[in-house]
Amino acid sequence: MGSGLKEGVICTHKGGIMSKMEVKTSLLDNMIGVGDMVLLEPLTEDSFIDNLRKRFDHNEIYTYIGSVVISMNPYKHLSIYTADKVEEYRNRNFYELSPHIYALADMAYRSLRDQDKDQCILITGESGAGKTEASKLVMSYVAAVCGKGQEVNKVKEQLLQSNPVLEAFGNAKTVRNDNSSRFGKYMDIEFDFKGDPIGGVISNYLLEKSRVVKQPRGERNFHVFYQLLSGASEDTLKKLKLDRDFSKYNYLSLDSATVNGLDDAANFRTVRNAMQIVGFMEDEVLSVLELVAAVLKLGNIEFKPESRVNGFDESRVKDKNDLKEMCELLGIEQAVLERAFSFRTVEAKLEKVSTTLNVAQAYYARDALAKNLYSRLFSWLVNRINESIKAQTKTRKKVMGVLDIYGFEIFEDNSFEQFIINYCNEKLQQIFIELTLREEQEEYVREGIEWTNIEYFNNAIICDLIENNQNGILAMLDEECLRPGTVTDDTFLDKLNTICAEHQHFESRQSKNSKFLTDHSLPHNCFRIQHYAGKVLYRVEGFVDKNNDLLYRDLSQAMYKANHSLMKLLFPEGNPAKVNLKRPPTAGFQFRASVGTLMRNLQTKNPNYIRCIKPNDKKAAHIFTDSLVCHQARYLGLMENVRVRRAGYAFRQAYEPCLERYKMLCKQTWPHWKGPAREGVEVLLTDLQVAPEEYSYGRSKIFIRNPRTLFFLEEKRRQCLEDLATLIQKIYRGWKCRTHFLLLKKSQVVVAAWYRRYAQQKKYQKIKSATVVMQSFIRGWKARKILRELKYQKRCKEAVTTIAAYWHGTQARRELRRLKEEARNKHAVTVIWAAWLGTKARRELKRLKEEARRKHAVAVIWAYWLGLKVRREYRKFFRANAGRKIYEFTVQRIMQKYFLGLKNTMPSMSPIDKTWPVRPYQFLEGAHTELRRIFHLWRCKKYRGQFTAEKKAIYEEKLEASEIFKDKKALYPSSVSQPFKGDYLEINKNPKYQKLNSVVEEKILLADVVNKINRANGKGAPRIFVLTKNSFVLADQKTGQVKSSVPLPDVCSVSVSTQTDGFFALKLKEGTAAAAKGDFLLSSDHLIEIITKLHRTGVNHDQFNIDISDEFLVQFKQDKVCVKFIQAGPKNGSSAACKRKNNRLLEVCVPSP
């Protein structure tokens, strides 16, 4: 056992420089009780239990026995599993910190990563002791400390999410545990050379399938039944023909249907999400739920007796409704399954014999089918999870195994299940003792210390009693099951009494050993085995039937005929073409073989042990039941383990950390030892006068025989540390006071220097300011003197200029007055002449107006006279037709006004202009509507007449695109305004694509760059997509080399999503030459144009389908991969991204619009 050291820091200050002194702590510091049971003194069962209780009361649930971790279930949440705790235990020595499960997980992971040693972690304990939670903590710690990255995180998430799936189908509520694992699980986590997880493999052992048909009082069936009924949607339940009421199903116990603190509905959603993360497809999830529903329906099938003519009883189904619904779920004919429940066919070599089943046999067949259906479904789930989480690379892998298996079980009524569970624990105890002793012996040899044999109980004799191929209990049980004639549990017990009577670990009242004849604690139908953990009484009833695990061949063949996707995989023996008359292996034989494989696997790895203990049977916090804990400690062999560890030397530690921890106890080694660490330890122990027989020197470690010696060193160290702490405090206080004084002194000097500088600066500024003022006054006086002289000279010049200006102004004004006088004389003559001409013109105008008035008066009188004559002539005709004439005139005037108004308010010539003038009168409704229709048709004809043949073809393509994608794909509206160009790359003109142009001989309808999606990682590779009338071609973008050429008749359909992405899948007809490499998954910025041109071209050849859906299948060579489109938030980018979720799923994240 090594002891690590924790590094802390104490800061000192000397000369302004910080220095560090490392202070080491270990699990020996501030210890509650004893952190390692190897150091417990005295070592008795009472002191052992008392130490566990003392630590449990202080929430210290982990205790060591050397490198073994004892874990107590606290039945409450403790804040010791945070991210900070993970970092605290990361890359630390096992004994460096207080006991924790993280310390063991870190030691195992570092040994695997750094020393290339495969590891296994064995977790044992009885139901409710916290084995499942311990395995989760180990896996979560390894996931937290290993590498990061997208692929690594995906693998870690899948490994962690496999737990909820297996718990739902393999865990149940028992009287001891609300989430009890009813199967054994061994997971191999595979790592690469860097220590990053790359996959895993899960093995399951002995699912308690009898729980499917019957549960003890106070317990439930497996979680998945209650989760399905509580959490599934109404549509799902309707599809599965189920009802939420638990009481309607015979296989579900009602007294514990609901569990406090267990939300079945929320757990169902968690399981569905976990199955999606692990890699289950939606159809696979539905298939699994259909089988779960079928098991529930199967339990409701009841039988009634019916007498036949020959006197034999025959069973018939009472109510066939549940049978009908179950057959619909499985896709099986009702008559076939009904006959399988009523008849049994026994096949010999040359003949078949059909016998009827009575009611009891029919119920047995029903329950056997339910148990086999559920257990095989569970095995299929494990294999399906393995398929998803298996490592993709075939390089050499490092492996860490985690074994979470049922612990030793001693109930009031122990049967076949407890027998083989306890057999498995015997084997684990055997390998535990062997590996522990081997590890001790190897360390002693490695350190050069003499090894002394240790006396311990070897349980190989018990394992041989159970598994011996000749006289072992399992071998005799198999022999009894295969023996012809009447075989019962009593005949099996008789055989045990005959063969095992003299075995010292076997007890039976009916054996030849007379000492048990009067033992009334041993019933006649029971036998007792003295296991390493104590004596266990087994009731022999049911041993033969449970070992046979018989399912009638008629039921297997009926299940094989089902149309359900999983039934042929679950019942391969039902294939009529492969009838095997050989009896299937028994349950005991299969379990013994799987345990043997497990043991061989564990022996190839470095073991790490976690022993889980439940403190009480009430599942309550803060309660410690001594008798219960003592019972578990006995059958876990913890005291035996401590004695093995203490048989030689109780404590061992490397020289360097030992010297570092205890160097202050000797003046020669304190504060620093200059020589080798071993010599320093020798000097230290000699100075402390420790007896030589109490320790031994190994090659790299010091071995201490008695814990008292270690506690003596610890007590001396504690006293020395107190003295050192006082010294450090004294030095620190002196240093602090000196530092403060020096700081004050330095500050005073600095303040004085700054003040003197400030005073001189102020004096200088004052002198400088006075000098500047004097200079400014003198400069101002000189400037003003010069200014006065300049002003005088300027005034003299201005006076001369002013006099000359005045003289010139006088001369100009005189000339101006003379010119004005002349102008006034000329203007007067002009005005008089103009006035005379105006008078003359007005007189002439007046004469002409008078003459015109006279002529107009004559014309008016004449017109009135002619009108009077006409009115007199036609008055008689007018009076007869006046109303009709006025009406016709009015209508004619209104129509004239309507058409003139329509002419002025006519709408534009655009066909999309829907405006039309308002109808003025109601009687024009018909004409108004017909004119609007005629005008629109004429306008459209005029508009079409402007189209060229090329433009007409483009509009036809746009029309076809609308028929295909309108209201079906969200990308379509943004493509309406984009013209279809066709040849975007101008291949005929671009010399870069001359090689590709020479290969494509037909007319190119479309040429564009697309991305071809790789199924391995979801990334795209650019390709040139060329479409002609008869084929499409994919070529390399850089070189123009043709990669694929596919005739259009070979394309059967194309699939696109309903969202705004550009992904599309070209699906090829099966059997064609082009389909050998599989379908094409592409993405393009011109998706609408490509699909439209493909559809126009493809219709001419054959039937061409366009599938618009957010989830479709694509054939990649031999595998079908589901492409699923989901909407993501804006943070995921502006373009769709494709990611591979697993081997069968590609997920496309499309940004939300």
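Backbone N, Cα and C atoms are what each Cβ position is placed from, and that goes for glycine too.
Automatic prediction, not curation, is the source of TrEMBL annotations.
Copied over from TrEMBL:
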- Gly125, Glu126, Ser127, Gly128, Ala129, Gly130, Lys131, Thr132: ATP binding site (BINDING)
- 32-718: domain 'Myosin motor' (DOMAIN)
- 969-1152: domain 'TH1' (DOMAIN)
- 595-617: region 'Actin-binding' (REGION)
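Look at the region 'Actin-binding' (595-617): DSSP puts its residues at 9 helix, 8 strand, 6 coil. Sequence-distant contacts of Ser127 (ATP binding site), defined as residues of its own chain at least six apart whose C-beta falls under 8 angstroms from its C-beta, comprise Thr174, Arg176, Asn177, Ser180, Ser181, Tyr406, Gly407, Glu409. Each residue in the region 'Actin-binding' (595-617) has a pLDDT score, and their mean in this model is 87. Excluding Gly125, Glu126, Ser127, Gly128, Ala129, Gly130, Lys131, Thr132, which define the ATP site, the same chain contributes Asn73, Asn177, Ser180, Ser181, Gly407, Cys612, Lys614 within 8 Å (Cβ to the Cβ centroid), listed in sequence order. Here the binding-site residues are Gly125, Glu126, Gly128, Lys131, and the one with the most other Cβ atoms within 10 Å of its Cβ is Lys131. The C-beta environment of Ala129 (ATP binding site), restricted to residues of the same chain at least 6 apart in sequence and closer than 8 Å, consists of Ser71, Asn73, Gly407, Cys612, Ile613, Lys614, Gln632.
Around Gly130 (ATP binding site), the same-chain residues at least 6 positions away in sequence with a Cβ under 8 Å from its Cβ are Ser71, Asn73, Cys612, Lys614.
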